[in-house]
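Q: Got a structure here, written out as structure tokens. Questions coming.
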Amino acid sequence: ICRLRRHHENLVTPSLLALFFCVFFFSKGVRASHTMAQTDAGRMEEFRSKINRVGAQKGIPPALIAAIISRESRAGNAIKNTGGWGDHGNGWGLMQVDVNPNGGNHTPEGAWDSEEHLRQATGILVHFIGRISTKFPNWSPEQKLKGGIAAYNMGDGNVHSYENVDDHTTGRDYSNDVAARAQWYRNHGGF
């Protein structure tokens, strides 16, 4: 991860993230995504300091981490009564790390709402951004970021083209939804 981060440390800059949001601002469902992010904002406050620390450590904007937490677990609301488990026992924690042997096959690290969990999950995101960057070297930085977000949900083997990046993601809108939520957290949530 350290080599990957150094190699791609300038891949996700605040200005790149802002451009990414602008490009996808008018995507289908943006208002709904903003509403869900806003609904989760109160619960997200509990994790703000952890999100900020992990974002700084991993070189990922905290708004993007918050957006994935919102999408994956509704800021913990969807998993608080299951001990942190979601997706029929296949996802762990706020960011729903894939523990399925036929999926990500990750071993959960830390409590479901811990900084250790956020570090693990954000490291997985960084890994996928790097994999997509290598797989599609001619993609723009914005496209690589969107592909990395989609791969976080479904694996990089399911990303075949930019035009169809969300075709195999949950709801067929994962990267667009996460981008819109991140936009809300950046502009209104103070991340």
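Every residue, even glycine, has its Cβ placed from backbone N, Cα and C.
Because TrEMBL annotations are produced automatically, they should be read as predictions rather than curated entries.
Among the features that TrEMBL reports, signal peptide is placed at 1-32. Under the heading domain 'Transglycosylase SLT', TrEMBL lists 51-168. Taken from TrEMBL, the feature active site covers E72, D87.
Show me how these features fit into the structure around them.
A: The domain 'Transglycosylase SLT' (51-168): residue composition by secondary structure is 61 helix, 6 strand, 51 coil, according to DSSP.
Just so you know, the Cβ of E72 (active site) picks up 25 other Cβ atoms within 10 Å once every protein chain is counted.
Residues within less than 8 Å, Cβ to Cβ, of D87 (active site) and separated from it by at least 6 positions along the same chain comprise Q96, D98.
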Q: Can you check how the pLDDT averages out over the domain 'Transglycosylase SLT' (51-168)?
A: 98
